[in-house]
Amino acid sequence: MSGKPLLVTCGLPYTNGPCHIGHLRTYVPADFYVRYMRRSGEEVVFVCGSDNHGTPIVISAEQEGSTPRVLSERYHEHFYETFRRMDVVFDRFGMTDDAMNHETTRSIVERLIENGYVYAETVSQSYCPDCERFLPDRYVEGICPHCGAVARGDECDQGCGQHLEPGEIKDAICKVCGGKAEYREQEHYFFRLSAFREFLLDYLPALGGTSTARNYALGWVKELLHDWCITRTLDWGVKFPGRDDLVVYVWVDAPIGYISFTKEWAQKAGADWKDYWCGDETGVTHFIGGDIIYHHCIFWPALLKGAGYGLPSAVVASGMVTIEGKKFSKSRGYVVWTNDDYLDQGLPADYLRYYLLSYTNHTKELDFSWKVYGERVNNEIVGTLGNFIYRTMYFAEKEFSGVPDLAPRLEVIEEIERSLAAVDGLMRDYDFKNAVDAMMTLASFGNGYIQNNAPWKLIKEDRAAAEQVIADCLQIVKALVLVFEPLMPDAMQRAWTMLGYGDDIADHAIAEATAPVGARPLAKPSTLFAKVEKDQVAALEATLNERVERANAAAAPKMPVVSIEEFGNLDIRIAKVVSAEPIKGSKKLYKLVVDLGSEKRQVVSGIAQFYAPDELVGKDVALIANLAPAKIFGVESRGMILAAGDEASLLVPLRPVKPGTKIR
């Protein structure tokens, strides 16, 4: 045990849209960690809340004719209920727009002002003359001055990830009306982040959590630290002290929410919030997505230091999520919604929790695939863990009517102890994937133990020996149920009850895994886990594919209307592929020779990733024959092969057609 109270927080979900599985990469591991630490004897408080301020919420509320508060409350309830369904249970889930956070934020900002870490400065800020308003943050879009990518006003989210100050973005466009923005001067307030460079260089190397968080932050600090503008020209948000026309920047009041939510919890629990946020030895651990490392490892500890608060002891940053091998994108349809696509389809929260924690290392990119999901559920959860628990309890109930009154063999206890020690070390290192693997290794040991000892055969010759085997296996079952509970709480509570215990498994420590199960009657067991059927996986894949197709159709640029005469200018003919070979230095291009009946031509086509050369030879394809010749990768191309979609599906005739036939 650590000997000090632990406080675990999660990055705040933004109340601007529904929960998807990308969100869960932060919240499920945090809940897993909290449950495990509590079952290991640690005192842990788990707080979070919704992030309610900032320009995106104001814009969304304006677009739907609502108010930011109404929009925030709606999605706050949505996230609260979704987390409950996913068995992510916080001690406090607050709102950054609640009175406590307004009060705490203003208090901390006032202290920063008193300590000399905030100053006023007149800056150029984007202004839309058509809308007659200043354009903070996401009200404006333009070009990142650092890398040239398309960026929003406060962050280069599509490119280098750098924080952008007001006035830095180039070629600014108003997101409200689409008009060109101009720059006008306005007074704002800045936090002296640059004053904390030496502090951060000393603090970050000792910061616990994942190495990605430390290393990324150190890289940024070693380069250059700019002071942060901490005010915005908005009506919605926490008012900056002494200025009714300015609010505090959302990345100030959002992390301060961690403190506010701790205060709210402490008021109800009769505890002292200062035990967690004041003093040199705090036990604060932040679970965040990898895209907000800068805010949590640089800006946040500097702000806390400047205001005289304690500092986080660990930051655990996750990798990003991809969908079926594609970059996560709501606009392109590559998204899996937690409720609509998963929970509302009757799929267990336990299965998704397992997938998110066992798929890969927490800091690496996680790809969500429905096919892989089905395979892992069926092979690992059902086939390994569920199979061992069920066959053990079924045999115990059938042959002995309950748990034999026998102590487990020493070798079984030692194997359980080895497994639990491995799990404990990995959990405290935030190595969740390998911790889950170590748990599943114990289940595999159990399967091997019962299979090798074959009590169904042994009972015919030596009933006492068979009874000992089952007592050993039931001890392994107990250990598995206790250690898997933080990962799959619903299923393990049911398994605990089947073992004959009538209380809440959460009231028991993992250390009880080696205490004898004890003689007790067992009811006929039921299966803990159901397989995911192939037709269900196919239906879920179809839903995702349809969403992607709809998104692609909606995003497709609308082409201008052309006359029949203009279309007639295109000479589109059927051509037969005579040969196909890769172009040196390119992974995408083929050099094709095609037969047009009256002549043969050389054409370059970008279909190498989708077809082997021998698949193309002899195939009839559609060719634009009067396209101006061009050199592509140094190879002359006289025409264009027509193909459809991202997978480059070739357009071919349904019946045999002579090469050179014109398409009309």
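Backbone N, Cα and C atoms are what each Cβ position is placed from, and that goes for glycine too.
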Annotated motif ''KMSKS' region' segment (source Swiss-Prot; candidates 157-161, 167-171, 282-286, 327-331): 327-331
Motif ''HIGH' region' according to Swiss-Prot, located in which of 13-23, 35-45, 46-56, 453-463: 13-23
Cβ neighbours of CYS160 (Zn(2+) binding site) where a neighbour is any other Cβ within 10 Å: 13
Residue among binding-site residues CYS144, CYS147, CYS156 with least C-beta crowding, 10 angstrom cut-off: CYS147
Three-state composition of the motif ''KMSKS' region' (327-331), taking helix and strand from DSSP: 0 helix, 2 strand, 3 coil
Under 8 Å by Cβ from LYS330 (ATP binding site), counting only residues of that chain that are 6 or more apart: GLY17, HIS20
Collapsed DSSP category at CYS147 (Zn(2+) binding site): coil
Tally of DSSP helical, extended and coil residues in the motif ''HIGH' region' (13-23): 3 helix, 2 strand, 6 coil
Confidence summary for the motif ''HIGH' region' (13-23), mean pLDDT rounded: 96
